[in-house]
Amino acid sequence: MALPITNGTLFMPFVLTFIGIPGLESVQCWIGIPFCAMYIIALIGNSLVLIIIKSEPSLQEPMYIFLAMLGATDISLSTSIVPKMLGIFWFHLPEIYFDMWLIHTFQGIESGILLAMALGCYVVICYPLRHAMVFTRQLVTYIVVGVTLRPVILVIPCLLLIKCCLKICRTKLISHTYCEHMALVNLATEDVYINKFYGILGAFIVGGLDFIFITLTYIQIFITVFHLPLKGVFNTCIPHICVFFQFYLLIWILYPIICTHHLVQSLPTSPTIPQPLYLWDKDQAH
(Lines of atoms letter the chains of each structure in order from A and count residues from 1; the text may use other names and numbers.)
(Lines give C-alpha, C1' and ligand atoms only; values in the text may rest on other atoms or scores of the structure.)
Protein backbone atom coordinates (compact mmCIF):
# COMPACT_ATOMS: atom_id res chain seq x y z
CA MET A 1 0.00 0.00 0.00
CA ALA A 2 1.03 3.62 -0.43
CA LEU A 3 2.36 5.21 2.76
CA PRO A 4 1.19 8.77 3.66
CA ILE A 5 3.80 11.40 4.57
CA THR A 6 3.56 14.84 6.18
CA ASN A 7 3.39 16.98 3.04
CA GLY A 8 0.27 15.30 1.71
CA THR A 9 1.97 13.19 -0.90
CA LEU A 10 2.22 9.42 -0.82
CA PHE A 11 5.05 7.00 -1.16
CA MET A 12 4.18 4.68 -4.02
CA PRO A 13 5.34 1.08 -4.06
CA PHE A 14 7.37 -0.23 -6.96
CA VAL A 15 4.39 -2.21 -8.30
CA LEU A 16 1.91 -0.45 -10.59
CA THR A 17 -1.67 -1.55 -11.19
CA PHE A 18 -2.72 -2.17 -14.80
CA ILE A 19 -6.48 -2.06 -15.36
CA GLY A 20 -6.40 -3.50 -18.89
CA ILE A 21 -8.44 -2.22 -21.84
CA PRO A 22 -10.15 1.10 -21.02
CA GLY A 23 -13.94 0.82 -21.12
CA LEU A 24 -13.95 -2.98 -21.43
CA GLU A 25 -13.07 -3.92 -17.86
CA SER A 26 -16.35 -5.78 -17.39
CA VAL A 27 -15.75 -8.16 -20.34
CA GLN A 28 -11.98 -8.60 -20.08
CA CYS A 29 -12.38 -12.07 -18.63
CA TRP A 30 -13.92 -13.16 -21.95
CA ILE A 31 -11.44 -11.20 -24.07
CA GLY A 32 -8.63 -13.14 -22.41
CA ILE A 33 -9.87 -16.47 -23.84
CA PRO A 34 -8.87 -15.83 -27.50
CA PHE A 35 -5.58 -14.29 -26.34
CA CYS A 36 -4.86 -17.44 -24.34
CA ALA A 37 -5.73 -19.66 -27.32
CA MET A 38 -3.51 -17.66 -29.69
CA TYR A 39 -0.68 -17.75 -27.17
CA ILE A 40 -0.86 -21.54 -26.89
CA ILE A 41 -0.94 -21.89 -30.70
CA ALA A 42 2.07 -19.57 -31.02
CA LEU A 43 4.01 -21.56 -28.42
CA ILE A 44 3.27 -24.88 -30.13
CA GLY A 45 3.98 -23.61 -33.65
CA ASN A 46 7.26 -21.86 -32.82
CA SER A 47 8.41 -24.78 -30.69
CA LEU A 48 7.85 -27.17 -33.60
CA VAL A 49 9.85 -24.85 -35.89
CA LEU A 50 12.74 -24.83 -33.41
CA ILE A 51 12.68 -28.61 -32.99
CA ILE A 52 12.60 -29.26 -36.75
CA ILE A 53 15.45 -26.85 -37.49
CA LYS A 54 17.51 -28.25 -34.63
CA SER A 55 17.00 -31.91 -35.59
CA GLU A 56 17.48 -31.54 -39.37
CA PRO A 57 21.15 -31.02 -40.42
CA SER A 58 20.17 -29.77 -43.88
CA LEU A 59 18.42 -26.79 -42.27
CA GLN A 60 21.56 -25.47 -40.59
CA GLU A 61 21.69 -22.58 -43.05
CA PRO A 62 21.68 -18.81 -42.37
CA MET A 63 18.05 -18.27 -43.41
CA TYR A 64 16.85 -21.13 -41.21
CA ILE A 65 19.02 -19.92 -38.34
CA PHE A 66 17.33 -16.52 -38.60
CA LEU A 67 13.96 -18.28 -38.74
CA ALA A 68 14.80 -20.23 -35.58
CA MET A 69 15.89 -17.04 -33.86
CA LEU A 70 12.66 -15.36 -34.97
CA GLY A 71 10.66 -18.23 -33.48
CA ALA A 72 12.58 -18.09 -30.18
CA THR A 73 12.14 -14.32 -30.00
CA ASP A 74 8.43 -14.65 -30.73
CA ILE A 75 8.08 -17.12 -27.86
CA SER A 76 9.99 -14.79 -25.52
CA LEU A 77 8.04 -11.70 -26.56
CA SER A 78 4.64 -13.34 -26.25
CA THR A 79 5.62 -14.89 -22.91
CA SER A 80 6.66 -11.44 -21.65
CA ILE A 81 3.23 -9.99 -22.50
CA VAL A 82 0.42 -12.54 -22.64
CA PRO A 83 0.71 -14.26 -19.21
CA LYS A 84 0.81 -10.86 -17.47
CA MET A 85 -2.06 -9.67 -19.67
CA LEU A 86 -4.15 -12.70 -18.70
CA GLY A 87 -3.27 -12.07 -15.07
CA ILE A 88 -4.66 -8.55 -15.43
CA PHE A 89 -7.78 -9.73 -17.28
CA TRP A 90 -8.60 -12.66 -14.99
CA PHE A 91 -6.98 -11.98 -11.61
CA HIS A 92 -6.33 -8.18 -11.58
CA LEU A 93 -2.67 -8.75 -10.82
CA PRO A 94 -0.26 -5.78 -10.71
CA GLU A 95 2.91 -5.66 -12.77
CA ILE A 96 6.47 -4.42 -12.17
CA TYR A 97 7.68 -1.80 -14.65
CA PHE A 98 11.00 -3.63 -15.19
CA ASP A 99 9.04 -5.85 -17.59
CA MET A 100 9.16 -2.90 -19.98
CA TRP A 101 12.84 -3.68 -20.62
CA LEU A 102 12.06 -7.25 -21.68
CA ILE A 103 9.13 -6.30 -23.92
CA HIS A 104 10.87 -3.51 -25.83
CA THR A 105 14.09 -5.52 -26.08
CA PHE A 106 12.37 -8.51 -27.67
CA GLN A 107 10.45 -6.20 -30.01
CA GLY A 108 13.74 -4.69 -31.17
CA ILE A 109 15.33 -8.11 -31.62
CA GLU A 110 12.40 -9.31 -33.72
CA SER A 111 12.58 -6.21 -35.90
CA GLY A 112 16.32 -6.73 -36.43
CA ILE A 113 15.80 -10.38 -37.36
CA LEU A 114 13.24 -9.40 -40.00
CA LEU A 115 15.80 -6.98 -41.45
CA ALA A 116 18.47 -9.72 -41.51
CA MET A 117 16.06 -12.10 -43.26
CA ALA A 118 15.22 -9.43 -45.83
CA LEU A 119 18.91 -8.93 -46.58
CA GLY A 120 19.28 -12.70 -46.90
CA CYS A 121 16.45 -12.82 -49.44
CA TYR A 122 18.07 -9.97 -51.33
CA VAL A 123 21.41 -11.79 -51.61
CA VAL A 124 19.73 -15.08 -52.56
CA ILE A 125 17.72 -13.53 -55.38
CA CYS A 126 20.02 -10.79 -56.64
CA TYR A 127 23.39 -12.52 -56.10
CA PRO A 128 22.64 -16.26 -55.81
CA LEU A 129 26.20 -17.38 -56.57
CA ARG A 130 27.62 -15.20 -53.80
CA HIS A 131 25.17 -16.16 -51.04
CA ALA A 132 27.35 -18.86 -49.49
CA MET A 133 30.38 -16.61 -49.65
CA VAL A 134 28.60 -13.58 -48.15
CA PHE A 135 26.53 -15.24 -45.41
CA THR A 136 29.24 -17.20 -43.65
CA ARG A 137 28.76 -18.57 -40.14
CA GLN A 138 31.01 -15.83 -38.82
CA LEU A 139 28.84 -13.11 -40.40
CA VAL A 140 25.68 -14.78 -39.11
CA THR A 141 27.16 -14.79 -35.61
CA TYR A 142 27.99 -11.08 -35.87
CA ILE A 143 24.47 -10.34 -37.11
CA VAL A 144 22.87 -12.27 -34.24
CA VAL A 145 25.04 -10.50 -31.66
CA GLY A 146 24.37 -7.07 -33.21
CA VAL A 147 20.63 -7.67 -33.48
CA THR A 148 20.55 -8.66 -29.80
CA LEU A 149 22.76 -5.92 -28.40
CA ARG A 150 21.17 -3.02 -30.31
CA PRO A 151 17.80 -2.97 -28.48
CA VAL A 152 19.45 -3.88 -25.18
CA ILE A 153 21.72 -0.83 -25.37
CA LEU A 154 18.91 1.46 -26.53
CA VAL A 155 16.39 0.39 -23.87
CA ILE A 156 18.73 0.66 -20.85
CA PRO A 157 18.79 4.53 -20.97
CA CYS A 158 14.96 4.49 -20.85
CA LEU A 159 15.13 2.68 -17.51
CA LEU A 160 17.79 5.08 -16.21
CA LEU A 161 15.77 8.13 -17.29
CA ILE A 162 12.66 6.74 -15.62
CA LYS A 163 14.57 6.06 -12.41
CA CYS A 164 16.14 9.54 -12.40
CA CYS A 165 13.32 11.73 -13.74
CA LEU A 166 10.09 9.96 -12.79
CA LYS A 167 9.92 10.64 -9.05
CA ILE A 168 6.41 11.99 -8.55
CA CYS A 169 3.35 10.71 -10.39
CA ARG A 170 -0.36 11.46 -10.26
CA THR A 171 -1.60 7.88 -10.01
CA LYS A 172 -0.44 4.29 -9.89
CA LEU A 173 -3.20 3.06 -12.22
CA ILE A 174 -2.35 2.53 -15.89
CA SER A 175 -5.03 2.00 -18.55
CA HIS A 176 -3.01 -0.55 -20.45
CA THR A 177 -2.57 -4.30 -20.76
CA TYR A 178 1.22 -4.40 -20.44
CA CYS A 179 4.08 -2.18 -19.28
CA GLU A 180 4.76 0.24 -22.15
CA HIS A 181 7.25 3.10 -21.98
CA MET A 182 4.97 5.99 -22.95
CA ALA A 183 2.23 4.80 -20.59
CA LEU A 184 4.72 4.84 -17.73
CA VAL A 185 6.20 8.24 -18.64
CA ASN A 186 2.77 9.90 -18.81
CA LEU A 187 2.23 9.16 -15.13
CA ALA A 188 4.75 11.86 -14.22
CA THR A 189 3.75 15.29 -12.99
CA GLU A 190 7.13 16.88 -13.72
CA ASP A 191 8.69 17.66 -17.09
CA VAL A 192 9.54 14.41 -18.87
CA TYR A 193 10.40 15.89 -22.28
CA ILE A 194 13.73 14.04 -22.34
CA ASN A 195 12.00 10.71 -21.65
CA LYS A 196 9.47 11.23 -24.43
CA PHE A 197 12.08 12.45 -26.90
CA TYR A 198 14.39 9.50 -26.23
CA GLY A 199 11.48 7.06 -26.43
CA ILE A 200 10.51 8.35 -29.89
CA LEU A 201 14.16 8.43 -30.99
CA GLY A 202 14.75 4.84 -29.84
CA ALA A 203 11.58 3.65 -31.59
CA PHE A 204 12.70 5.29 -34.82
CA ILE A 205 16.26 3.91 -34.62
CA VAL A 206 14.97 0.37 -34.15
CA GLY A 207 11.58 0.09 -35.82
CA GLY A 208 11.69 3.07 -38.18
CA LEU A 209 15.07 2.44 -39.77
CA ASP A 210 14.42 -1.30 -40.01
CA PHE A 211 11.11 -0.62 -41.75
CA ILE A 212 12.78 1.73 -44.23
CA PHE A 213 15.65 -0.65 -45.00
CA ILE A 214 13.34 -3.68 -45.37
CA THR A 215 11.06 -1.72 -47.71
CA LEU A 216 14.00 -0.58 -49.86
CA THR A 217 15.35 -4.14 -49.89
CA TYR A 218 12.10 -5.58 -51.22
CA ILE A 219 11.75 -2.83 -53.79
CA GLN A 220 15.13 -3.87 -55.13
CA ILE A 221 14.06 -7.54 -55.01
CA PHE A 222 10.89 -6.72 -56.98
CA ILE A 223 12.94 -4.90 -59.63
CA THR A 224 15.34 -7.83 -59.93
CA VAL A 225 12.57 -10.45 -60.12
CA PHE A 226 10.71 -8.60 -62.88
CA HIS A 227 13.84 -8.84 -65.04
CA LEU A 228 14.24 -12.59 -64.46
CA PRO A 229 12.75 -15.16 -66.85
CA LEU A 230 11.59 -17.31 -63.91
CA LYS A 231 9.22 -15.40 -61.64
CA GLY A 232 8.78 -18.35 -59.27
CA VAL A 233 12.02 -17.51 -57.47
CA PHE A 234 10.12 -14.83 -55.58
CA ASN A 235 7.98 -17.48 -53.85
CA THR A 236 10.78 -18.08 -51.34
CA CYS A 237 10.23 -14.58 -49.92
CA ILE A 238 6.43 -14.58 -49.71
CA PRO A 239 6.22 -16.04 -46.15
CA HIS A 240 8.72 -13.48 -44.92
CA ILE A 241 6.79 -10.64 -46.56
CA CYS A 242 3.62 -11.81 -44.77
CA VAL A 243 5.43 -11.77 -41.41
CA PHE A 244 6.90 -8.38 -42.24
CA PHE A 245 3.51 -6.80 -42.99
CA GLN A 246 1.89 -8.46 -39.97
CA PHE A 247 4.61 -7.16 -37.64
CA TYR A 248 5.00 -3.59 -38.92
CA LEU A 249 1.45 -2.83 -39.97
CA LEU A 250 0.29 -3.77 -36.48
CA ILE A 251 2.86 -1.38 -35.02
CA TRP A 252 2.01 1.51 -37.35
CA ILE A 253 -1.71 1.04 -36.71
CA LEU A 254 -1.58 0.64 -32.92
CA TYR A 255 1.21 3.10 -32.07
CA PRO A 256 -0.71 6.26 -33.17
CA ILE A 257 -3.77 5.00 -31.28
CA ILE A 258 -1.72 4.46 -28.11
CA CYS A 259 -0.02 7.87 -28.42
CA THR A 260 -3.38 9.59 -28.99
CA HIS A 261 -4.85 7.82 -25.96
CA HIS A 262 -1.95 8.94 -23.76
CA LEU A 263 -2.21 12.50 -25.12
CA VAL A 264 -5.92 12.67 -24.29
CA GLN A 265 -5.23 11.32 -20.82
CA SER A 266 -2.60 14.01 -20.22
CA LEU A 267 -4.96 16.90 -21.16
CA PRO A 268 -6.51 18.78 -18.24
CA THR A 269 -10.22 18.32 -17.70
CA SER A 270 -12.78 20.67 -16.19
CA PRO A 271 -13.68 20.69 -13.40
CA THR A 272 -10.28 19.59 -12.10
CA ILE A 273 -10.42 17.18 -9.18
CA PRO A 274 -7.29 17.19 -7.02
CA GLN A 275 -5.48 13.88 -7.20
CA PRO A 276 -3.00 12.49 -4.69
CA LEU A 277 0.62 12.43 -5.75
CA TYR A 278 2.81 9.36 -5.48
CA LEU A 279 6.54 9.14 -4.99
CA TRP A 280 8.67 6.36 -6.40
CA ASP A 281 9.83 4.46 -3.32
CA LYS A 282 13.26 3.28 -4.52
CA ASP A 283 14.01 1.52 -1.22
CA GLN A 284 11.08 -0.85 -1.75
CA ALA A 285 12.36 -1.72 -5.25
CA HIS A 286 15.24 -3.76 -3.83
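Each residue, glycine too, has its Cβ placed from N, Cα and C.
As written in TrEMBL, here are the features:
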type     : residues : note
DOMAIN   : 45-225   : domain 'G-protein coupled receptors family 1 profile'
TRANSMEM : 7-24     : transmembrane segment
TRANSMEM : 30-53    : transmembrane segment
TRANSMEM : 65-93    : transmembrane segment
TRANSMEM : 105-127  : transmembrane segment
TRANSMEM : 139-162  : transmembrane segment
TRANSMEM : 197-226  : transmembrane segment
TRANSMEM : 238-258  : transmembrane segment
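For the transmembrane segment (30-53), the neighbouring stretch richest in Cβ pairs under 8 Å, chosen from 65-93, 105-127, 139-162, 197-226, is 65-93. Here the domain 'G-protein coupled receptors family 1 profile' (45-225) returns a mean pLDDT of 84 for the predicted model. In terms of C-beta pairs under 8 Å, the stretch of 65-93, 139-162, 197-226 lying closest in packing to the transmembrane segment (105-127) is 197-226.
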